[in-house]
Amino acid sequence: MERLQGLLLWLLLSPSVVWASRGPLRPLCRPVNATLAAENEFCPVCITFTTSICAGYCPSMVRVLPAALPPVPQPVCTYRELRFASVRLPGCPPGVDPIVSFPVALSCRCGPCRLSSSDCGGPRTQPMTCDLPHLPGLLLF
């Protein structure tokens, strides 16, 4: 009987193992281009710019049966290596710093979410937009 249960378990799992080995249905964690908005409440315009961010699927596990154990931490797609770039907001009055710095993803990894450096929320239904009048283009340096 034990042998039969083992065979049944193998038959149930083997098609999913073969299917799963063909690759994930979602793109894995990697740098992707994204358009972001930069503004300062003291400057008259908002600008958008394109940078690399980390995005994609990270394999995770969820307990099927309720347990007294704490939940399994879910990994998120986050920076492995990054550099910082800056944009200059035009039209800022004297005494207001017109420079906005932002991270540029060079490589990514799946790991724990660090709220100090990442937005660990899920995908947004609305893109981040400007509250101020929008000035297209970018001034990177």
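Note that Cβ sites are derived from N, Cα and C of the backbone, with glycine treated the same way.
Feature annotation from Swiss-Prot assigns signal peptide to 1-20. Residues annotated as disulfide bond in Swiss-Prot: Cys29-Cys77, Cys43-Cys92, Cys46-Cys130, Cys54-Cys108, Cys58-Cys110, Cys113-Cys120. Residues annotated as N-linked glycosylation site in Swiss-Prot, with a curator's inference given as evidence: Asn33.
Here the features listed in Swiss-Prot are placed on the structure.
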| residue | record | contacts (Cβ under 8 Å, 6+ apart) |
| --- | --- | --- |
| Cys29 | disulfide bond | Cys54, Ala55, Gly56, Tyr57, Cys58, Cys77, Thr78, Cys108, Arg109, Cys110 |
| Asn33 | N-linked glycosylation site | Thr50, Thr51, Ser52 |
| Cys92 | disulfide bond | Asn40, Phe42, Cys43, Pro44, Pro98 |
| Cys130 | disulfide bond | Ala37, Glu39, Cys46, Thr48 |
Site with most surrounding Cβ atoms, counting all protein chains shown within 10 Å, from the disulfide-bonded residues Cys46, Cys58, Cys108: Cys108
Neighbouring C-beta atoms (10 Å sphere around the C-beta of Cys110 (disulfide bond)): 18
Neighbour count (Cβ, 10 Å) for Cys43 (disulfide bond): 21
Residue among the disulfide-bonded residues Cys54, Cys113 whose Cβ has the most other Cβ atoms within 10 Å: Cys54
DSSP state at Cys29 (disulfide bond), helix/strand/coil: coil
